[in-house]
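For reference, the structure discussed in these notes is given below.
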Amino acid sequence: MKAKSGLTRFHNCYILRNSKIIKEDLWIRDGKIVNPEQVFYVEQVEADVTVNCENSLIAPGFIDIQNNGGWGVDFSYDSENVEEGVQKVAKALLAHGVTSFCPTMVTSDKEKYSKILPRIQKHQGSQLGASILGVHLEGPFISLAKKGAHKDEYIQNPEKGLESIHEVYGSLDNVIIVTLAPELPGALEAIKGLTSLGIKVALGHSSASLAQGEEGIKCGANLITHLFNAMLPFHHRDPGLVGLLASTTEKQVYYGIISDGIHTHPAALRIACRTNPDGLILVSDAVAAQGLADGNYRIGPQSVNVENGRAYITGTKVLCGSTTALDECVKTLKEATDCSLEYALETASLHPAKALGIDHIKGKLNFGHDADFVIIHPKLMKVLSTWIAGECVYKSS
Amino acid sequence: MRLIILEDASVVADWAARFVLQRITEFAPGPGRRFVLGLPTGGTPLGMYRRLIDFYKEGRVSFKYVTTFNMDEYVGLPRDHPESYHYYMWNEFFKHIDIDPAHAHVLDGNAPNLVAECKRFEDLIAEAGGVRLFIGGIGPDGHIAFNEPGSSLVSRTRVKTLAYDTLEANKRFFGNDISKVPRQALTVGVGTVMDAKEVMILITGVHKALALAKAVEEGVNHMWTVSAFQQHAQALFVCDEDATLELRVKTVKYFKALSGEHQKMIASVPVLQQHVLH
C-alpha cells in the first residue's frame, strides 16, 4: 500500500471531486494527484501499483484548524516536551482521517508563548503524523466579557496593533491563524498587520456588534472562531458576529463550528448551514482529554474525569471542552442538518483549505493537488485508511 | 455486403460487442501477435463500448494485445475538452479496460504539423500490419468518420474542413455556439477504412434511415461516402429497425431472411468459414 513515488491507481472506488461523489479511479504519483488521461496519452504508461478499494469512498483528508490537543497533551500547557506532545497528537489524528491541522494555543502568559510557539513548526505530514499547517493562536487579544475558559489575567488589548502582537507572541513564523476580538483598541490595526503578513485572522471571544465585525472583515479577517460560542447571542436589532453569516460583506466569511452534538444545538447548526453554506468549517476544538479512555486524569492545571468519552471537570458535570474528532463531527453534521455527504465532507476539507487560502494544493482531489486523502466506508462513515502525500499513514485493523 | 437488422439500438450494441469479442477471441492475440481494431466515437457505438467493458470485467476478453486506431479527432481542441475524441475514448472505453497505452492510437489534432501527423498515423497502421476490423458509425448525410459528402472515395488520412451542416449539428455540444465548434478535423480516409480486412458499420435511429437507404440500395456515390463499402469484400452493416424505415420492404425482407446465417457470425464459427456463408 506504500506508494511514495510510483504511479498508483486506486480503483473500484467512489471519489469526491467538484462537490460530487463519482465512480472514478484516483491516480497519484510523487505525492500528487495526477490526470490519468494525460498519463495514458502522453506518457503512455500503466500504473505501477493498483489498489482495489472495494467500493469505498475516497475524500480529501480532513483539515482541523482548531485543535487544542488530545491524548493527554495540552498544546497550551505542556512546555517541556512540546515536539513530542505535538507529534503524539499528530499521529493519533491520522486514525480520524485528519491529514493537516493547526495546533491551537489558548490565552497564555508571554513566557508560554516564548517557550512553546517556536517549537511547533510547520511540518509536512508522514507516517509520524498529520501535517502541521501552522499554529492557531486563540487569545490573549480577546474580550474579557467573552473569555469563556480563557484566563483573565493574561487577556489584553492589542493597543499598538501589530507591535502588541509581536510583543506577546514573539516571532510569528509558525503562526497561521490568530483569533482576536475586533472591538478591542488597536484590533483593526492588528488585523491589517497580521493579514499583510499572510496570517489569517479569525474573529472570536468577542462582544463585537455586527458593524464592528464587518470592520474586522474589511480590515482583512476572514474567519469566525467557534460560531455561537463566546460571542453575543443573535439579536434582531444587532445580530453581532453571528450576523456576519448574512451580512453584505463582499468576500466569503468562514466560520468554525463544533458539531460534536453537544456544543452546538442541531437547530443552530442548521441555521448556520442554511444561512451561509459555503462558509461552514467543522473544527474539533478538541482538548487534551480527546482520545483518553474513561478514568480520572490530571490535564494541565485541571482534574478531569472522562466518562463515556466525554471529559468533565472532576466532581462536576461541566464539560471541559470537546473530545470529538473531525470524522465524528462530519457524521454529526450530516445527521443534524440532513445535508449531502459531499457537503459534510467538504466542510472538513475544502472549506478550511479555502479559508486558509491553500485550496490550490489541499482540500480537493483535483489533478495537481496533494495526495492527502482518506478512504472511508461509505455507509458506516468509518475511516479505513489515511494517506498523506501518497503514502498510507494509517490503516484500520 | 451484409445487412444485419436488429430490434433496437441496445440489441445492435450487444450484437456489435459480441462480434468484436468473437473476432478477438478467434484471432487469439498474444505477445507479438496483436489484433488491430479501428474505432469510432459518437453516440451510436457507446452501447457497444459498455458491453465490451462488461465482457472485459467478466474476464471474457482482454485488450492487452489489441492495437486500436481511432477514426478522427477535431483540430485545435484541447485533449481534455469533453468533446474531444481523446476525452471520449479515455472516459468511455480505455480507462475501463487493460489496453496498453502505447498501442491506443488517436490522431493528435494539436500536432504542430497536421499533415505529418496524418502521415504518421497511416504509417502506424501499416506498421501494425493493417486494420483487421474497422468499426464505424455514419452521419445522417452518410459520412463515415469525417469524410463528408463529396470526399474522395480513395482518400487517406488527412485534414478536413468541416461542412456547415456538421458544425450546425455539433454546436449543441459546444454550448450552442457555432463559433466554438472546431472547423477542421483530422480523419482517416475512406480508402484507409476500405483497406481493413473487415468493416462493421453501426447505424441506429430514424434520422439515419435515409443514409442507410442511400448506402445500401443506390450506387456508390461520393455524396454518401459510406456507400463506398458496397465494394468492400467483408463489409457488415448493423442497424436497428428504425434505421430501415427508408429501405424497400424487399430489401428488408431479403436481409432478414438471412438472419439465421448472420447469427453464426457471433457464434464460434471460424471466420474463414463465415466468409463463405453468404
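Here the Cβ of each residue, glycine as well, is placed from N, Cα and C on the backbone.
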Message = For the Zn(2+) site that TrEMBL describes with A:Glu138, A:His205, which of these is also annotated: A:His123, A:His226?
response = A:His226
Among A:Ala92, A:Ala95, A:Ala130, A:Ala149 - the residue TrEMBL places in the same substrate site as A:Asn229, A:Ala230, A:Arg237, A:His263, A:Leu319, A:Cys320, A:Gly321 = A:Ala149
Message = Taking the Cα of A:His226 (Zn(2+) binding site) as the centre, which of the recorded positions listed as A:Asp285, A:Leu319, A:Cys320 lie within 10 Å of it?
response = A:Asp285
Cβ within 8 Å of the mean position of the Cβ atoms of A:Glu138, A:His205, A:His226: remaining residues of the chain near Zn(2+) = A:Gln66, A:Val106, A:Gly139, A:Ile142, A:Gly148, A:His150, A:Thr179, A:Ala202, A:Gly204, A:Thr225, A:Asn229, A:Ala230
Remark   = Least Cβ-packed of the binding-site residues A:His205, A:His226, A:Arg237, A:His263 (other Cβ atoms within 10 Å) is A:Arg237
Ask   = Can you tell me the mean pLDDT for the domain 'Amidohydrolase-related' (A:58-390)?
value = 93
Ask   = Quick one: which of these recorded positions, A:His263, A:Asp285, A:Leu319, have their CA within 10 A of A:His205 (Zn(2+) binding site)?
value = none
Remark   = Listed in sequence order, the residues of the same chain lying six or more positions from A:Gly321 (substrate binding site) whose CB sits under 8 Å from its CB are A:Asn68, A:Ala149, A:Asp285, A:Ala286, A:Val287, A:Ala289, A:Ala311
Message = I need the CA-to-CA distance for A:Glu138 (Zn(2+) binding site) versus A:Leu319 (substrate binding site), whole Å please.
response = 19
Message = So if I measure Cβ to Cβ from A:Ala230 (substrate binding site) and keep only same-chain residues at least 6 apart in sequence, which ones fall under 8 Å?
response = A:Ile142, A:Lys146, A:Lys147, A:Gly148, A:Gly204, A:His205, A:Ser206
